[in-house]
Amino acid sequence: MVFQKPPDGGWGWVIVAVSFFTQFLCYGSPLAVGVLYLEWLDVFREGKGKTAWVGSLANGIGLLASPVCSICVSSFGARPVAIFSGFMVAGGLMMSSFAPNIYFLYISYGIVVGLGCGLLYTATVTITCHYFDKHRGLALGLISTGSSVGLFIYAALQRELIVLYGLDGCLLIVGALSLNILACGSLMRPLESSDSPPPEKSCADKVPDQYFVYCEKEKTVEENISILEKGYADEKCANNMPDYKQDSILNKNTLSSINVNEKDTYKKKVAEQTNLCKQLAKRKWQLYLNYWEETVVLFKNKVFSALFVAIFLFDIGGFPPSLLMEDVARSANINEDDYHVPLISIIGIMTTVGKLTLGILADFKWVNTLYLYVTTLLMTGAALFAIPFAKSYLTLAMLSGILGFLTGNWSIFPYVTTKTVGIEKLTHAYGILMFFAGLGNSLGPPIVGWFYDWTQEYDTAFYFSGFCVLLGGFLLLLAALPCWNACTYQSSKLPPNTYSYKVASRA
């Protein structure tokens, strides 16, 4: 199968709609897990650090397993993966309603739901990219807002469901809602053409064909031997010359020649198969070697190395507020009657606004997306430092809105990566960065929770988070300074597919 030219419309807009609702349904509960986090603290009576692992795994495991998710979508297609992942997300949420302890939630909610979300994210992005080329940025921006809208709605929805039906009933209902992912997945019609000529087979696919051709040659040799034997027998009968001694000698010679041919055939067959296996192993090893060599070349790029550190530190420090902000308000003894809108809902809606606004800004030619991204990091660090000083609902709501807006910098992160390493190396570089972003997502909330368990207050934890994000931002800013680009500009030493950020940003 060869993919058709992206239509940039038509059924593609249906794909955008179902991908939006898929991300809305799968990411709504994991991103709004802060509401469930409070209930799990009360039910299981575990430490904040240990309980925070549930939400951090649910949000980080999909990024950590992004290479596996990509292989699954490439092998089976977006539609089967989406349907299967819908069962995973719904099943994990429903299983979590029967959790006897926090360790069960690590599996049911953290790993099963998290992996299902990772598969669905890869499936929706892949199928959308197949259907769009000119309007790909707009399409990806629209589907990415599904998770943010899900965070906004699910935060209030889960709180109301807990009041009406309890924690177990809430998880059952949310899991049942997730079954609508199956309907969305069934509409992800693959964009393929059956009229195109099949692609040339790889070396691994040619192995059976080579074996069958060899068997045919062997069969032909055996048929020729049988024909010679038959001709010899007919000639002997026609001449009617019975000479048993001579016949016995001839038979022995014929049998010995057949045995020699069979031995030679077997040896030749073994030698060919052994040589083919050696070639395949050598080719596979060369692919791994090339991958590590390309990785080393990527890390020789100062901006990419700083970007790698920045995204890791940003996810360690910037992700915990979306999970822990509700508990921060409770720890500050804020009256629940003052709650007009859940803080997590404010983060969700402002993340949507941030994604769209920052994405639009990134399209302007006069905007350097790398410096725009650095600005969001520095502002996020400053907002995290301000959280310990917020002692009212209004100030926490304002900080939640600011953090939500700045978290929308995820929409420009692919732009920054592309202009740092070039489009040819985007897949390789983005996979590395997303893996460590998932690692930061998984570690951030437990670290903040452990700080609270040690100090019995969140102040130190958010000072630590703010320091991490500011450190990453300053390192990235230093690496992006024009003096480094001037050194990099001696481009005769640059590989042909490597671009300095200054060149790419002006292209």
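A Cβ is built for glycine as well, from the same backbone N, Cα and C atoms used for every other residue.
If you check TrEMBL, you get these features:
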TRANSMEM  12-40  transmembrane segment
TRANSMEM  52-73  transmembrane segment
TRANSMEM  80-98  transmembrane segment
TRANSMEM  104-125  transmembrane segment
TRANSMEM  137-156  transmembrane segment
TRANSMEM  162-183  transmembrane segment
TRANSMEM  303-319  transmembrane segment
TRANSMEM  339-358  transmembrane segment
TRANSMEM  370-390  transmembrane segment
TRANSMEM  396-417  transmembrane segment
TRANSMEM  429-452  transmembrane segment
TRANSMEM  464-484  transmembrane segment
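Stretch with the largest number of CB pairs closer than 8 A to the transmembrane segment (396-417), among 80-98, 303-319, 339-358, 370-390, 429-452: 339-358. Most Cβ pairs under 8 Å to the transmembrane segment (12-40), among the stretches 162-183, 339-358, 370-390, belong to 162-183. Beyond its flanks by at least six residues, the transmembrane segment (80-98) meets 22, 25-26, 29, 72-73, 104-105, 108-109, 111-113, 115-117, 119-120, 122-124, 167-172, 174-176, 178-179, 181-182, 184-186, 188 of its own chain at Cβ-Cβ distances under 8 Å.
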